[in-house]
Structures are given as structure tokens and as C-alpha cells.
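Asks: Annotations for this protein, taken from TrEMBL, read as follows:
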type: TRANSMEM; residues: 12-40; note: transmembrane segment
type: TRANSMEM; residues: 56-74; note: transmembrane segment
type: TRANSMEM; residues: 86-102; note: transmembrane segment
type: TRANSMEM; residues: 109-130; note: transmembrane segment
type: TRANSMEM; residues: 150-172; note: transmembrane segment
type: TRANSMEM; residues: 184-217; note: transmembrane segment
type: DOMAIN; residues: 187-357; note: domain 'O-antigen ligase-related'
type: TRANSMEM; residues: 229-247; note: transmembrane segment
type: TRANSMEM; residues: 349-369; note: transmembrane segment
Amino acid sequence: MSLHNIYNGKILLYLFAIALYLPMIFTNVLTILLTLYILLNFRKINLKKTLNKKSVIVFFSMFFLIFIGFFYDISSDGVLNDLEKKLSFIILTFSILVMDVKKEDVRRILALFFLSGILFTSLAICIGLSRYLSTGSLQFITNHGLSLNIGLHATYLSMYLLFSLAYPVLYYESTKKQIVRRTIIFFSILTVIFIILLSVRIVWGILLLFITFWVVSVLRSRKLELKRSFLYLSGFIIVIFLLFNFVSPLKERLKEVINFNSNYNISKTWKPNVNEVWGGRGIRLLIWESSIELIREHPLVGYGSTKEVQGRLNGNYIKNEIGPLLFLMNNRGKVFNAHNQYFEEVLKFGLILGLIFPFLLIIIAISSYKQQSTLGLYFVIIISGISLTETILELNKGIVFFTFFLALILSNSERPYCKSVISLS
């Protein structure tokens with residue numbers, strides 16, 4: 001890293017990749033520093049050229065869509081709150097363009113993100129193991145019990161780790177030293193194990209998709225001989241089997257996907273019952289039913305803001321007397337948003353404007369495919385999948401991750417990346 005990179009502010013972007021794993025205060029401080037950097041260098045910005053960039057068009061479209069909320073007969077507080085949350089759309093995008101981030105900077109940022117993920121998740125594992133030794137509970141090394149050891153939601157930590165694998169995927173072949181290659185392989189396997197322990201099932205599904213594609217790609221390209229490929233794959237399957245066999249919470253998370261041995265009781269007098277397995281799948285089904293009901297009431301225009309949507313959802317849970325949701329809301333302080341970014345957008349803006357988000361993802365995916373950008377496709381697939389079960393653009397940790405990396409990808413879309421292990425050709 002040259003002194004020039006530190007002087008021109010790129011060090012802030014490098015630090016941002018690390019700060020994503022830390023409490024929100026760190027990314028907030030860096031965002032403020034990036035804002036100051038933009039203001040200090042505003043005269044150097046070619047606004048006409050900058051405003052025509054892909055990343056600016058994408059994020060400005062998403063940001064200014066929020067202003068439509070002011071035309072609804074609702075409190076302006078919710079709209080202002082949405083604008084405040086999504087200022088990152090503007091700040092991070094402009095910062096990356098002003099600093100003229102090159103593909104070498106992207107490589108460094110991905111490397112830092114990959115290594116930081118391993119470091120912080122290893123710390124979470126160590127904390128979890130110490131708690132396991134004192135309590136005998138495996139909950140501290142799986143799902144939220146693991147991620148909360150470092151103050152992160154399991155979904156976001158596993159999403160970060162999954163995307164961090166872009167570094168070994170993209171740059172493994174460009175590394176010639178065997179010791180470095182073996183280290184990358186070891187860290188990649190470790191990251192996959194971390195993702196499994198976090199037990200976020202939508203991430204499991206996306207990971208399985210990527211591994212399947214990678215195996216097929218490697219076999220077709222004959223980069224590894226068949227015997228060695230079989231040994232690697234067999235070893236990986238054995239490790240996964242042992243994890244699920246000996247870590248009982250993982251087994252239960254897998255069973256709950258198919259509602260195995262579970263009875264869902266939605267009575268208004270619902271209370272926790274050891275015979276009922278209320279995991280993420282069951283809760284989400286109830287939430288999505290309420291979301292669809294609200295969409296049917298206002299299909300074309302929606303409700304105008306995240307705050308208004310949440311109020312309507314809460315009202316629906318009460319009106320329909322959905323016991324489990326009300327119990328968790330009243331007794332454990334839970335807040336249940338739409339848990340689906342596509343539903344959330346339609347609930348806010350209706351079936352026409354609410355489809356802008358998936359439309360943009362499709363456009364970016366097509367553009368990435370045409371430009372042979374493995375990184376772009378990899379990112380879009382992850383975001384598209386996670387958005388099925390999470391409202392990632394309504395929480396700070398999702399907003400900054402989405403904005404930071406998509407802005408990096410779009411700002412470098414005309415620049416070819418290193419040849420990837422997963423080739424699109």
C-alpha cells in the first residue's frame with residue numbers, strides 16, 4: 001500500500017471492509033470521514049461525468065424513490081428515517097468514484113474482507129467454546145449463539161463470510177507460491193465450516209449452489225484430475241456429515257426446514273411448548289401471509305415508508321391473533337418486519353415501483369454476465385437469495401454491505417478482473 005493511497009483516502013475504504021464485522025459505530029465513523037473527504041475534494045469532481053456512472057444511476061434511483069413517501073397520507077417521520085438510513089447509497093458511491101478505485105484496490109479490499117471474516121469468526125468460536133465448557137451448551141457455537149459473541153446477527157455474518165469467498169475464487173489461480181495457495185485453501189475450508197455452524201439455511205442453499213457449480217466447472221475444465229477431485233469432495237462431505245452428526249443444533253436446524261416432527265400452533269393463547277419447533281421457517285410463513293394480505297389491500301401504491309409498513313404488519317398480527325408472533329413481540333421484544341426484501345419494496349411502493357429493486361438486480365446480473373464479471377454475478381446471486389428471507393436494505397448492516405460492494409463492482413465494471421477459478425466462458 002503506497003503513501004499515495006493513504007493520502008487519497010483509499011485507506012478509509014480498506015478500513016471499511018474490516019469495520020463491517022465490527023459494531024455499527026465503526027462504519028458510521030468511517031462514513032462521516034468519507035463524507036468529509038468528498039466535501040474537501042468536491043471541486044475536483046467532474047459532476048457531469050460522475051452522474052453518468054452506472055453506480056450513481058443505480059443508487060440515486062433507489063435513494064430518490066424514497067421521496068415518493070412524502071406524497072402519501074402518512075407521517076413524514078418514517079420517510080425521513082428511511083432517507084437517513086440510506087444516505088450510504090450516496091456517500092459510499094460518491095467516495096468510491098472520487099477515489100478512482102482500481103481493480104488492485106478491489107483485490108486488496110476483498111482480501112481484507114476475507115481475512116477479517118476468518119479472524120472475527122474465529123474469535124466468536126473461541127468465546128463460544130469457552131461458554132460451552134462452562135455451560136455444556138452447544139448453542140454458543142451455532143447460529144445466533146455464535147454470531148452474537150461478536151455482536152452480529154447470524155444471517156449477516158454468514159452472508160459476509162459467503163461473499164468473502166469471492167477472494168479465493170477470483171485470485172487463487174493468480175497466486176503462484178504453493179504455501180500461499182495451501183493457506184488460501186485452508187482458510188476457505190474454514191470459512192465454509194463457519195458458514196455451516198452459523199446455520200442460516202438460505203445461505204446453506206446458496207453455498208451448495210456455488211459448490212455444485214464449482215465442482216462441475218473444475219471437472220469440465222480438467223484443472224484437477226478426477227481422482228484428486230473425488231478425494232477432495234469425499235473429504236468435504238465427511239467433514240460436513242460429522243458436523244451435522246455431532247453438533248445437535250445443526251441437525252435440528254436442518255430438520256426444521258421440512259417441518260420434521262413439528263406441530264405449529266398459531267392459537268392466540270400460544271405459549272412455548274417443547275413439542276413445537278418454531279424456527280425461522282415457521283415464523284416467516286406467518287409473516288409472509290400477513291405481508292401478502294397487506295399487498296392485496298393496496299397492490300398498486302403500497303404504504304409509503306418502512307415505519308408505516310411495520311405498523312400495518314403489527315396491526316395485522318394483532319387483528320389475526322397470531323399467537324406465536326404476539327408472544328415473541330410482547331414477551332421478548334421482537335419486531336417482525338416482512339423478512340423478504342421483495343415483499344418489503346412492494347409493501348412500501350406498490351407492485352409497479354416496488355419491482356425496481358429486483359429489476360435492478362436482473363440488469364446488473366445480465367451486465368455482469370456479458371462482461372464476464374464473476375464478482376458481479378456472485379454478488380447478485382447472494383443478494384437475490386438472501387432477499388428471499390431477509391429485508392437486508394432495512395438494517396444498517398445490510399445497507400452498508402450492499403452499497404459498499406455493489407458500488408465497488410459497478411465502478412470497476414469496465415475493467416477486467418483476474419481470470420477466475422469459476423470461468424463464465
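Cβ coordinates come from backbone N, Cα and C, glycine included.
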Asks: Quick check for me: are there 3+ Cβ pairs below 8 Å between the transmembrane segment (150-172) and the transmembrane segment (349-369), leaving out pairs under 6 residues apart?
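Replies: Judged by the Cβ rule, the two regions do not touch, with the required three close pairs absent.
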Asks: For the transmembrane segment (86-102) against the transmembrane segment (56-74), do we get 3 or more Cβ-Cβ pairs below 8 Å once near-sequence pairs (under 6 apart) are dropped?
Replies: yes
Asks: Should anything in the same chain at least six residues away from the transmembrane segment (349-369) have a Cβ under 8 Å from its Cβ atoms, list it; otherwise answer none.
Replies: 54, 58, 61-62, 65, 68, 295, 298-302, 304, 341-342, 375-377, 380-381, 383-384, 387, 393, 406, 409-410, 413, 424
Asks: Considering only the recorded stretches 56-74, 109-130, 184-217, state which has the highest number of Cβ pairs under 8 Å to the transmembrane segment (12-40).
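Replies: It is 109-130 that shares the most Cβ pairs under 8 Å with the transmembrane segment (12-40).
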Asks: Using a Cβ-Cβ cut-off of under 8 Å, list the residues of the same chain that are 6+ residues beyond the ends of the transmembrane segment (184-217) and lie near it.
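Replies: Contacts with the transmembrane segment (184-217): 114-115, 117-118, 121-122, 125, 141-143, 146-147, 154-155, 157-159, 161-162, 164-165, 168-169, 172, 175, 229, 233, 236, 239-240, 243, 247, 249-250, 253-254, 257, 280-281, 378, 381-382, 385-386, 388-390, 421-423.
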